[in-house]
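Undergrad: Quick one: the structure is below, and I'll ask about it shortly.
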Amino acid sequence: MDALALEATGSKRASTAGLTAPLPSQASTKRKPAKKAKKAVVFFEVEILDAKTKDKLCFLDKVEPNATIGEIKSMFHKSHPQWYPARQSIRLDPKGKSLKDEDVLQHLPVGTTATFYFRDLGAQISWVTVFLTEYTGPLVIYLMFYFRVPFIYASKYDFTTSKHWVVHLACMCHSFHYVKRLLETLFVHRFSHGTMPLRNIFKNCTYYWGFAAWMAYYINHPLYTPPIYGEQQIRLALIIFLFCQIGNFSIHIALRNLRPPGSKTRKIPYPTKNPFTWIFLLVSCPNYTYELGSWLGFTLMTQCLPVAFFTLVGFVQMTVWAKGKHRSYLKEFRDYPPLRSPILPFIL
């Protein structure tokens, strides 16, 4: 019995092994996983024409589809060294808008043979250099009139000082304003555009330097008369000026924190914990609102017509800038707060 049982068990195992063991032909025909086929990269051909004459300036072959306009500018610069990237305006249409440096080739409405149009923006200068030049001039010019250097007023007034304390206060406020601007240019502002046309610096400096000389001449004149309401008017004006200067600085800090270093990203500015930024609830460009308030305070402090005229001209220009930025925000962000006005709450 035991022998027969062992024999039956052995034959059962053998038959089971025969059923589960893979056949040699099956083992040999086991397929390896197929390798994924690499997608072929479709390169672009880029043709750059002169926007005015339509002459061909450059032809770039085998441009990668993920190349940016900034990279295309660099390639174009190699064949035309006189036109460095900051000087180039690349467009889809001769009369269209300039493309952004971060625009990607394959995302533009062009085929694999892309045609762009080039315009020369002229010699460029960095925004930092422009701002430093613009703001250093008024600071120095005003002080020249304040110290009454020779050849400005009658010789008997050379290096004399005014007897009115408001004149000294006005000099401190004016100097503080432009020193603040210089420091913000160096340590606070982050510019979305690195350069501007060189010709603009002459126009900008004429504006800032000319108005500074005109204001300083009358405020520091030996025959200058103080404000009609005296000390009360001056103190109120000083409070307005300082309040708006702090507010303007607070907005600049808030805007700086929106943009990481080295990037051109744009975000909707919102109020922060700083109460001076709460005006963002009602205004798109509160930095201009506070700037206007500062010069209104300075006008009230000095009661000087050239200062009032400078404030008016500055308000008109800042309104143009604010409306442009407001339109840009509305176009770029669908969820932009609808209650905001460009520069003055509920008014403008």
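Heads up, the Cβ atoms here are built off N, Cα and C, so glycines get one too.
I grabbed these lines from TrEMBL:
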DOMAIN    44-120  domain 'TECR-like N-terminal'
TRANSMEM  125-147  transmembrane segment
DOMAIN    195-348  domain '3-oxo-5-alpha-steroid 4-dehydrogenase C-terminal'
TRANSMEM  206-224  transmembrane segment
TRANSMEM  236-255  transmembrane segment
TRANSMEM  276-298  transmembrane segment
TRANSMEM  304-322  transmembrane segment
Undergrad: Based on Cβ pairs under 8 Å, which of the stretches 236-255, 276-298, 304-322 lies most in contact with the transmembrane segment (206-224)?
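TA: If we count Cβ pairs closer than 8 Å to the transmembrane segment (206-224), 304-322 scores highest.
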Undergrad: Residues sitting near the transmembrane segment (304-322): Cβ under 8 Å, six or more positions beyond its termini, same chain?
TA: 211, 214-215, 217-219, 284-285, 288, 291-292, 295-296, 298, 342-343, 348
Undergrad: Just to be sure I understand, if DSSP states are collapsed into helix, strand and coil, how many residues of the domain 'TECR-like N-terminal' (44-120) fall in each?
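TA: Tallying H, G and I as helix, E and B as strand, the rest coil: 17 helix, 29 strand, 31 coil.
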Undergrad: Limited to the domain '3-oxo-5-alpha-steroid 4-dehydrogenase C-terminal' (195-348), I'd like the whole-number average of pLDDT.
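TA: A mean pLDDT of 94 is what the model gives the domain '3-oxo-5-alpha-steroid 4-dehydrogenase C-terminal' (195-348).
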